[in-house]
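Here the structure is laid out as structure tokens; the discussion comes afterwards.
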Amino acid sequence: MESTMSSASTNASPPSASEKHTPMMQQYLRIKAEHPETLLFYRMGDFYEVFFEDAEKASRLLGITLTQRGSSNGNPIKMAGVPFHAVDQYLSKLVKLGESIALCEQIGDPATSKGPVERKVLRVITPGTLSDSDLLPEKSEQPLLALYSTTQRKTITIGLAWLSMASGALKLMEFTTDARNAATRLKHELERIAPAEVLLPGSIDGPDSDYAFAKNTTVPDWHFDIAHGSKALHEQLKVSTLTGFGAEHLNAAIGAAGALLRYAQATQGKGLQHVRALTVETENEFIGLDAATRRNLELTETIRGQDNNSATLFSLLDHCRTAMGSRLLRHWLHHARRDQAVARARHAAINALMRTDACTGLASTLASVPDVERIATRIALQSARPRDLAGMRGGLQQLPSLRAYVSMCNQDADAPLLKTIHDALATPSECLDLVERAIALEPAAMVRDGGVIARGFDAELDELRGLSENAGQFLVDLETRERTRTGINNLRVEYNKVHGFYIEVTHGQTDKVPDDYRRRQTLKNAERYITPELKAFEDKALSAQERALAREKYLYDQVLQQMAQHIGTLQNIAHALAQLDTLVALAEHALRHNWCAPQLIAEPTIAIEQGRHPVVENHIERFIANDCLLNNESRLLLITGPNMGGKSTYMRQVALITLLAYVGSFVPATSATIGPIDRIFTRIGAADDLAGGRSTFMVEMTESAAILNGATENSLVLMDEVGRGTSTFDGLALAWAIARHLIDSTRSFTLFATHYFELTQLPEVHPSAANVHLSAVEHKDSIVFLHAVQAGPASQSYGLQVAQLAGVPQAVIRAARKHLATLEANSMQATPQFDLFADPDHLIPTSDVETAMAQPSALDEALADINPDALSPRDALDALYRLKELSNQHREK
């Protein structure tokens, strides 16, 4: 029996004199020293134990009991533990908290071990190296990324390598920049890739804010050696050159890949058989979307952050039946390709799917398909469980039906993408035959429980199972014979796990027991015996059961190894299934909501007829559709109108329709014609960055600067209320200058919403700008928003009416109306502010001052205080007499 007890005092960390510890604690401390930065889960029988500082940390994070056992240097050895069969739920919680865990397993036999059972860390679990379905989010990836940079003179080359352990997708990217732009450029790529864990050279001092959102892990600088990285890639991909991947000259990225592969292999404790291909991404491959744009357009998260109950573009479109399809849809939304041919191929496939009734059959069949992609990865890593293989079997059995449906859709249709998918869904007969013969129809959850290998697959296993399963009949026969032989009618032959097989006789009948009965256990009312015959059968039956489990484990491992030979085929099938599922989901949505196929052209234009916001239209009864036209003659639309009139919704819908067109989806419009787009920028909303020490206006200007420095003539820019975070004249001057820069210098397609009515004069001096407004109708003191975009500027903002709708007290509204009248009367007076944008002081006419300073009379105030809708007949009569009295007093003055 192993013990944590220490016969001599020790420290809580490895001491210089290890002999002061028990042999087991010496083993623990040695293994812990090899994994100092991880929580070491140390297997002891049916529990994983943690000790010392790890125990304190685990107790705090997991809410498990912290106890103590033995002592070290006069201090108790702190410990905590979790049951091995429930460890996944604890691992999941720790990983979500950004922790890494080393699983130290018993690999020796406790029955034959002299001293501590041999143990070894078989796997290290980190946020970026997960493959278990219980630890991963179903609909998103959690990639591991390595970053390496080199500097030559003033040029910085940044290499990125990232791996999705759960899918086996390995990607590289490299770009050059200068010191001033390096941080911004890197941040943009990290926001796009969204790694769960970032590997950094140890020479980097502390976490950089650009990648602090992920778990940062430092590894020795020499892990990033370029020569080693090149060799590692050649060995992993089984190639003699990287030229075919376009990666031969990406030295910084190759160095990052070397560190990445070394780390990933170390955490898994084995090779990465499922990493079989390499993709090189380039700077200009995707439509650029920074974090602000992804957030403002609410692609996969709402503006308020992660909220599973709120509507996003992803949640709207995710009709996918498989987790693979959902992950691919999410990827498409964040990685819209600039290449119009890619989107056109998807448009053609969706159109073909919509032309037949096959969508319903495809959807129902896909619903029976498991996560083939992640199961294939676990097969390659030899960590797949029996029910994974049963799921794979069920998924592969659906391939003929899916191919038939795809063929039906592709008849008389020009959809090459569907043809590619059809060909990839060919059934791997050898692989399917193996799993159908080998795995039971309803296997146990774990191999150790038995009942995993199907009957008839292995003769030796069937024989061993027969010995174990026939035990019941043998015991019945033995019980009958012994009752006859002894004359004891209530004699019973039974079995339990503690004492094995036995014959039970009540105390009143023990005098009839034959001489060959040997007492095994005494109970209060009975005696339990064993006979030579029963003992011989026990040895044979129990041995058969143990040997059957061992044989089953051996056979299962053999099946996994044979299945691993088909990983490449299974990965191709998984990718085809994901594409098909995503296209079917988009086709279903387009059919249900009357979306149209967009036209992608080479000329610069965004021409949308009767466009609608895809998410908003799904949540209101009637949505007002609007047009949008941007081209060489009209580069900027200046949008005015009331608060809540729909300006932001209109701007977002134009951006979403544009993005969806390049994603390859149909779009919510009557028609949409869109030219080349390289980036989409948004400057929407107002929020400060308290943690970063930035005010609302600083955030606004930082985002505006990123747009002005990064936008091109092929960019779509959304600017909402620029300049509102500072004084009126400062804000107006900045808004005017920014709008002019976007027209004159960048020539981006721009939607510019503002409440500065002075900006509506911009089209008079810039013909490529045009005024549009969101219309509204005022009725008495209320307002009705029409949400229709019309030509020309708005007449007013209706701010007080909106405040009234929001429930601002009537007294405040009345006071605001009075002050508004004063401000409007004083609108020609120059504001005494002094800054870079202020005009010289102007003389203020005395008459204007007198007008502005005039105070309303008591009669005016009394009249303004009256709310006719709130007066009873008697109150109205009293008010009328009061007004009459004030009027007479005013005339007397």
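Backbone N, Cα and C atoms are what each Cβ position is placed from, and that goes for glycine too.
Taken verbatim from Swiss-Prot:
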BINDING   Gly641, Pro642, Asn643, Met644, Gly645, Gly646, Lys647, Ser648  ATP binding site
COMPBIAS  1-17  compositional bias 'Low complexity'
REGION    1-22  region 'Disordered'
- Message: Tell me which of the binding-site residues Gly641, Pro642, Gly645, Gly646 sits in the most Cβ-dense spot, judged by other Cβ atoms within 10 Å.
- Response: Gly641
- So for Met644 (ATP binding site), how many other CB atoms are inside 10 Å of its CB? 18
- Message: What are the sequence-distant neighbours of Lys647 (ATP binding site), meaning same chain, six or more residues apart, C-beta distance under 8 angstroms?
- Response: Ile639, Thr640, Gly641, Asp720, Ala753, Leu774
- Cβ-Cβ distance under 8 Å, sequence separation of 6 or more, same chain as Ser648 (ATP binding site); the residues meeting this, in order, are Ile684, Asp720, Ala753
- Gly641, Pro642, Asn643, Met644, Gly645, Gly646, Lys647, Ser648 excluded, remaining Cβ within 8 Å of their centroid (ATP): Leu774, Ala776, Phe785
- Message: Let's check the environment of Asn643 (ATP binding site): how many other CB atoms sit within 10 Å of its CB?
- Response: 20
- Item | DSSP-derived class (H/G/I helix, E/B strand, else coil) of Met644 (ATP binding site) | coil
